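Q: I have a structure I would like to understand better, so I am pasting it below and will then ask my questions one at a time.
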Amino acid sequence: MSTTTVQQLIKMPAEVDENNPKKFVFPCDIGTDYTFKRDIVWKNVFGFIVLHLGAFYGLYLAFTEVKWLTVPYVWILIFITGEGVTAGAHRLYSHKSYKAALPFRIILLILQTMAGQNCMYIWVRDHRQHHKYSDTDADPHNSNRGFFFCHMGWLMSKKHPLVKEKGKTIDMSDLEADPWVMFQKKHYKTLYFIFALIIPVYFPVLFWNETLWNSFFTSYFLRYVTLLHITWTVNSIAHFYGTKPFDKNIVPVESKLVAIWGGGEGWHNYHHTFPWDYKASEFGAYLNATTALIDIMAYFDMAYDLKEAPASMVEKRSKRTGDGTHKAYGSSIKRNNNENVENAKDSALNGEFVQNYRTSMARG
């Protein structure tokens, strides 16, 4: 077994084969078939062209014609609807890294609807699948397919057969038991029309006499497309450009740039190493607006049972599998040699990894 294969085997999550509970299927066994050619969904391509033309025109209006209040209004919309994605769809519903009181959950559902990134149920299913089969053909936005594909190209082509197959195995029972999530799923198109289009567009018209035309292209097109690209950079930039202080054997990296504009979602190597941590980062609220929001809501008892990776666990993991770039632990990292690889192989085969994997999934 090669060094690369062993590292992938040890560090990537595994899937239980239902026909043989003792057999585990690892993402490295799925891999990426670079000869596979995807069929383009041209109606989606056309839709994104229209959205981007509208957004560019909205940007032009923002610099030339709109009333001054409209510009900060659009940025506020981008921020709060983004929290519906990061605090809601991602950290609450996908990873269950904290619990939220009903009023906060409803607010997050509304904000996630305004974000327009599909209903909560589908967003969570795709994200859980991304973590389970990260950067393989079973990952909806497999970064091994290239920067453009994992950024937005995956939304303009038909799903890989493995994405469809493995997507059916993702456990969604918790969301299926949530009446509010299922209500949003059932009535998503209507709710989207109300919360993502009508309310944001008419608010400036009613309160500071913005023109409907200007508001439509700024409060909808510009706001919507900007947030889409902010979200997509987590799948693209944070899988390509950065360091791996916690696990050098996985694709996700630490990206301060994405953390700044993505509400703290750029600390991606940490997040994929400790996905149950509500902070999605080692640094708490530093460059992490979403963590700050959750902390504030926890102060008012709207968020509770916040899960964190213990500092000792973070240190041990960084020293064991990091790339040496961690400012505190990097100098202590021992470079892998053949003996380390064989020890890692033995660890995997004797079930230590399997037990650790089950423990981490239970936390999630």
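A Cβ is built for glycine as well, from the same backbone N, Cα and C atoms used for every other residue.
Among the features that TrEMBL reports, compositional bias 'Basic and acidic residues' is placed at 315-326. Per TrEMBL, domain 'Fatty acid desaturase' is recorded for 68-275. Annotation comment: TrEMBL describes 315-347 as region 'Disordered'. Taken from TrEMBL, the feature transmembrane segment applies to 45-63, 70-90, 102-124, 190-208, 220-241.
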Q: Between the stretches 70-90, 102-124, 190-208, 220-241, which wins on the count of C-beta pairs under 8 angstroms to the transmembrane segment (45-63)?
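A: Most Cβ pairs under 8 Å with the transmembrane segment (45-63) come from 220-241.
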Q: Can you work out which residues elsewhere in the same chain, 6+ from the ends of the transmembrane segment (220-241), have a Cβ less than 8 Å from its Cβ atoms?
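A: Contacts with the transmembrane segment (220-241): 51-52, 54-55, 57-59, 62, 74, 77-78, 81-82, 85, 115-117, 130, 135, 141, 143, 147-148, 150-152, 196-197, 200-201, 251-255, 257-258, 261-262, 265-266, 268.
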Q: Average the per-residue pLDDT over the domain 'Fatty acid desaturase' (68-275) and send me the rounded value.
A: 96
Q: What are the DSSP helix, strand and coil residue counts for the compositional bias 'Basic and acidic residues' (315-326)?
A: 7 helix, 0 strand, 5 coil
